[in-house]
Ligand code: SF4
């Protein structure tokens with residue numbers, strides 16, 4: 001049996017940076033509070049908790065004069081203001097790519113373009129971007145896009161993990177409704193590469209495993225992309241979710257992981273697949289050649 005591992009899978013640059021910043025801060029401060037989960041991966045969150053990185057759900061829970069890390073998703077300006085009022089030390093781990101989208105939204109507004117964000121309205125990154133401008137449109141589905149009224153101007157930015165197919169679809173609808181439209185494709189390169197590789201790998205293998213938190217937006221999108229071209233696609237958080245019967249009559253397995261999945265979980269999953277596939281078969285482990 002052949003196991004093909006996506007080269008792009010696992011921590012992206014921005015997540016790695018945020019985790020390293022938090023770990024470094026614990027060395028000096030002991031405990032560091034993360035406003036919301038530092039990353040969307042329950043197993044890694046548990047490991048980080050043991051290192052002193054504690055999750056808090058809202059600014060109200062913050063103990064004054066402690067240290068708070070802002071995760072890679074970023075936050076609205078009103079949250080920064082509230083943190084400053086609590087007199088805490090702020091470590092801002094907002095991914096620079098997300099910061100660039102916040103800045104683009106602000107400059108669109110300054111140019112008198114109503115701002116539209118393509119993405120999930122409940123996702124912290126989108127909430128953070130939306131908080132930088134007044135009453136943006138947030139469009140998540142084709143139906144949302146179709147409901148947008150005709151108007152003279154619109155400025156569009158995207159959630160970094162948006163499915164590129166949705167961006168194309170939304171653009172094709174909006175250009176017929178808006179006289180002057182500015183569209184920034186702000187899908188992060190890390191996302192684009194992961195999605196393209198997952199799509200290609202899923203077409204080439206008999207079974208796909210996508211590893212990452214069930215609450216991780218980018219992992220869920222990888223799973224949906226894979227499922228569309230390969231019905232034998234499974235989204236798991238850890239190795240113990242893998243079932244032996246998945247591998248009956250399977251000759252090749254593709255493995256990829258979301259941007260918030262640590263390497264140690266990927267290794268555990270690969271190890272478990274290797275163990276299962278060794279039932280009387282030779283195992284060939286390789287890396288996807290698409291990147
Ligand atoms: S996916 Fe892209 S934007 Fe998001 S944290 Fe990673 S590098 Fe930054």
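Note that Cβ sites are derived from N, Cα and C of the backbone, with glycine treated the same way.
For residue 125 (active site, proton donor), the same-chain residues that are 6 or more apart in sequence and have a Cβ closer than 8 Å to its Cβ are 73, 74, 98, 119, 159, 160, 161. In the three-state DSSP scheme, residue 125 (active site, proton donor) falls into the helix class. Annotation source TrEMBL lists active site, proton donor at 125.
The Cβ neighbour count for residue 12 ([4Fe-4S] cluster binding site), using a 10 Å radius over every protein chain in view, is 26. In the three-state DSSP scheme, residue 12 ([4Fe-4S] cluster binding site) falls into the coil class. Per TrEMBL, the feature [4Fe-4S] cluster binding site maps to 12, 95, 188.
Residues or ranges marked as (2E)-4-hydroxy-3-methylbut-2-enyl diphosphate binding site by TrEMBL: 40, 73, 123, 160, 216, 217, 218, 260. Within the same chain, residues at least 6 positions away in sequence whose Cβ sits under 8 Å from that of residue 123 ((2E)-4-hydroxy-3-methylbut-2-enyl diphosphate binding site) are 73, 159, 217.
Under DSSP, residue 40 ((2E)-4-hydroxy-3-methylbut-2-enyl diphosphate binding site) is assigned to coil, being neither helix nor strand in the three-state scheme. The isopentenyl diphosphate binding site annotation in TrEMBL covers 40, 73, 123, 216, 217, 218, 260.
For residue 218 ((2E)-4-hydroxy-3-methylbut-2-enyl diphosphate binding site), the same-chain residues 6+ apart in sequence whose C-beta sits under 8 angstroms from its C-beta are 161, 191, 194, 212, 258, 259, 260. Feature annotation from TrEMBL assigns dimethylallyl diphosphate binding site to 40, 73, 123, 216, 217, 218, 260.
Sequence-distant contacts of residue 216 ((2E)-4-hydroxy-3-methylbut-2-enyl diphosphate binding site), defined as residues of its own chain at least six apart whose C-beta falls under 8 angstroms from its C-beta, comprise 40, 41, 258, 259, 260, 261. Sequence-distant contacts of residue 188 ([4Fe-4S] cluster binding site), defined by Cβ-Cβ distance under 8 angstroms and a gap of at least six in the same chain, are 12, 14, 95, 97, 160, 161.
The dimethylallyl diphosphate site in the record is lined by 40, 73, 123, 216, 217, 218, 260, and its two most distant CA atoms lie 15 Å apart.
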